[in-house]
Amino acid sequence: MMLNLVVADGPRQLSAREKAAKLKKSGLSFAQRKALREEEKKNAWKKEQGGITTTIEDRMKRREQDNPPVRPKPYDKPYEKKPYEKKPFEKKPYEKKSYDKPVASKPVEETDEEKYQRLMEGGKRPEKERWVPQRNFRNRRDMEKAGKDQSQDATPKHHDRDVIGTREDGSLIRRIREKTGAKGGIKGTYVSSIFSEKKEDRIAGEDVQMEDEEEEEAENNAESSNAALKDSTTFSGLGCSQRLVDALVGMQLAKPTKIQRATIPRLIQRERDLFVQAQTGSGKTLAFVLPVLERIMSCDDVSRETGLFAVILTPTRELTTQIYSVLETLCRKACPWIVPGIVIGGEKKKSEKARIRKGVNILVATPGRLADHFDNTEALDLSQVRWVVLDEGDRLMELGFEETITKILRTIEWKSVLRGENYLKDIPKNLKPLPSRRVTVLCSATMKGGVTELGKSTLKDADWVSNDSVEDALAETSVETFSAPSQLVQEWVVVPAKLRLVTLLGALRGDILQSSEKTNTKVIVFLSCSDSVDFHFDVLSRDGSQINKMDTAKTAPLLLDDVSTSVYKLHGSLSQQARTATLASFAKNSTPSILLCTDVASRGLDLPKITHVIEYDPPFSIEDHLHRVGRTARAGQDGRALLFLLPGAEEGYVEKLKQSQQMKKTTYENILAAGFGGKGWDFAATNYHLDVERWVLGDETALDRARRGFTSHIRAYATHIAAEKDMFNVRMLHLGHLAKSFALREAPGKLGKKKDPEKIKVNKDGSLDETQARKKMLDRSRKHVYNSGESAMGGYVLE
């Protein structure tokens with residue numbers, strides 16, 4: 001639509017402003033006016049282009065002008081269509097495929113002598129196999145089915161049995177034996193056989209042969225029925241999926257241990273309670289973790305919201321953290337949809353509740369904190385719990401968790417979906433691969449009375465697995481029959497009290513210098529009390545720098561000049577955060593590392609690559625000794641352990657230890673010579689001890705640590721069990737020489753605080769008697785009051 005304005009001089013083209021005003025007054029809508037403007041612009045553009053081609057011929061001409069045809073090249077040849085020639089069909093010989101099966105056999109002709117020789121050697125009858133091609137199948141199932149049917153149809157109904165004793169072969173053998181050899185006749189004559197030729201006897205012989213073949217076939221079938229367990233040297237042979245096997249290979253765990261080979265198939269294939277008794281370092285953690293993960297991985301649509309399937313209870317926070325670390329690594333590498341969780345004392349309960357609220361599938365916990373969550377955390381759903389694992393059962397009983405564990409098991413049983421007659425209807429279909437009943441696993445290194453009672457109250461119709469045979473294991477009801485790993489080398493040394501400190505330093509330096517791989521040397525030193533740990537940590541790490549800003553980890557520049565060494569300390573008085581960080585740093589450190597600790601690190605912890613264990617203070621029982629030395633020589637690796645003893649009655653302690661293990665004696669002279677450089681080791685050791693004494697005298701904090709370490713060591717020494725009081729009697733100690741081992745130059749009676757020390761007195765039975773010291777101090781204070789009053793009143797005291 002064109003809008004033109006007519007004037008006196010004739011029509012003229014309107015300007016843009018005039019056109020806009022005209023359109024606005026026309027009464028058209030905004031959309032209509034916009035369409036008119038667009039149409040006008042389009043017509044103007046077409047006019048500038050010289051018009052619009054309206055016919056097909058014009059368009060074709062313009063296309064040819066824009067795209068001229070390509071001129072043929074001189075080397076281009078026109079395409080010539082050849083007539084079809086029918087070729088005669090040529091039948092090619094069939095090539096045997098891998099899936100083809102023989103359908104018929106043609107026996108090879110042989111003479112009587114050849115057949116006799118073959119039967120005597122036990123060979124099979126040679127045959128020529130004929131193969132037929134298989135048709136094209138849609139899938140592998142049809143191919144296998146067709147091959148099976150074809151092979152069954154092609155089996156000959158009547159065939160000769162190639163076994164000595166049949167009708168044809170037996171007669172042939174008899175004829176050849178009678179005709180030739182030592183039993184043959186003269187000049188080709190026959191010697192009559194003494195065996196019967198009756199038909200009944202011959203049939204009976206054939207029946208016996210058939211029975212032998214049936215028994216052999218049954219034995220072969222019995223071996224193949226458990227083919228999954230035939231290769232028990234690998235995790236896949238035990239029933240673990242390939243995802244778990246790959247994750248274990250990534251963790252440098254390629255072969256299972258003996259206890260794992262006995263435990264994993266039982267927990268995967270059966271639904272019975274299990275008691276696992278094995279020595280320390282045998283791999284009990286993976287023995288119950290892998291079956292739980294394998295069964296959960298077999299379920300479909302499992303996520304953190306599906307529910308809690310397994311609860312693992314441990315006695316200590318460190319062991320709980322260790323098991324959780326193993327679980328978290330396996331789940332991250334093999335099954336990231338399975339979520340583990342951890343609840344322990346010392347952590348924020350609010351954070352634990354948040355993790356439980358999000359959902360966990362496997363929960364590792366200490367009994368006390370878990371019982372607290374049972375009472376106060378409503379989001380903790382226990383309806384789908386299928387496994388309850390009690391690790392370190394003997395330690396759980398020692399710490400008094402029996403009542404708490406009973407409460408936990410009752411709560412789980414009460415809230416479980418597996419209760420009632422119609423419980424199977426309440427189980428989701430995707431959880432059918434899980435056990436249909438709750439499975440309880442009790443793991444322990446020893447069989448003490450408390451563990452036996454715990455097993456009776458928690459296990460029902462349980463199997464029992466041990467490293468030893470069942471007959472030997474049934475007799476293991478005491479710690480005397482409990483042995484340390486065979487690859488562990490144990491030594492003991494008698495050291496005078498005043499040489500204990502320098503001998504410890506010599507042993508540490510010798511272990512690091514003589515180790516085949518100095519960078520991987522890790523030593524654990526066990527002491528009797530936390531104050532002693534703090535003192536020796538300060539001695540070894542003085543002038544050292546902190547590691548990762550931790551107060552429990554420092555470098556030890558004075559220990560060795562040419563080797564960078566790190567020193568850590570660990571005891572129960574530290575906070576949970578400090579203990580966890582210390583263990584993690586000690587485990588990951590690639591330089592030579594020394595961990596000074598109490599018995600808090602002697603149970604359950606699987607610290608990697610511990611090469612040496614030093615028992616600087618004797619253990620409080622033989623069981624504690626076995627758990628201490630069990631920190632090394634784990635999972636088949638080599639390890640060494642050294643026990644320090646004082647001269648005299650303590651030497652009899654070795655006879656008790658030798659009842660269950662082998663120990664050899666060494667001398668402190670050899671240890672000092674190896675640690676302080678051969679010749680002149682006595683002067684070097686003396687100079688080092690004097691240097692420590694000067695440092696203690698010059699530092700008030702170090703002096704206080706030394707005093708506290710000495711007094712705490714005496715108190716701890718008096719806590720040995722009554723059966724060992726004859727060997728560890730406090731009254732037999734030389735307190736002056738023992739104070740020397742703590743770099744103290746004061747007499748034992750002056751080791752109290754400031755001017756009024758508390759003297760250490762011992763009863764006849766070896767226990768500490770503090771009442772006498774308190775009485776003397778009270779008398780001294782009264783005497784002081786009396787003297788002060790007498791001087792004030794001129795020598796007289798008022799009544």
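If you go along the chain as it appears here, the first residue is 1 and each next one adds 1.
Glycine is treated like the rest: Cβ placed from N, Cα and C.
Among the residue ranges 315-318, 391-394, 519-522, the one that Swiss-Prot annotates as motif 'DEAD box' is 391-394.
If you look at the motif 'DEAD box' (391-394), the same-chain residues 6 or more away from its ends with a CB under 8 A from one of its CBs are 284-285, 288, 312-316, 319, 323, 442-446, 448, 450-451, 454-455, 603-604.
Classification of LEU308 (ATP binding site) by DSSP places it in coil, neither helical nor stranded. For ALA278 (ATP binding site), the same-chain residues 6+ apart in sequence whose C-beta sits under 8 angstroms from its C-beta are LYS258, ILE259, LYS284, ALA287, CYS443, ALA445, VAL465, SER466, ASN467. Residue counts for the compositional bias 'Basic and acidic residues' (35-49) by DSSP state, with H, G and I taken as helix and E and B as strand, are 14 helix, 0 strand, 1 coil. LYS284 (ATP binding site) falls within a helical segment according to DSSP. Each residue in the motif 'DEAD box' (391-394) gets a DSSP state, and the totals come to 2 helix, 0 strand, 2 coil.
When DSSP labels each residue, the motif 'Q motif' (233-261) comes out as 16 helix, 0 strand, 13 coil, counted as helix, strand and coil in that order.
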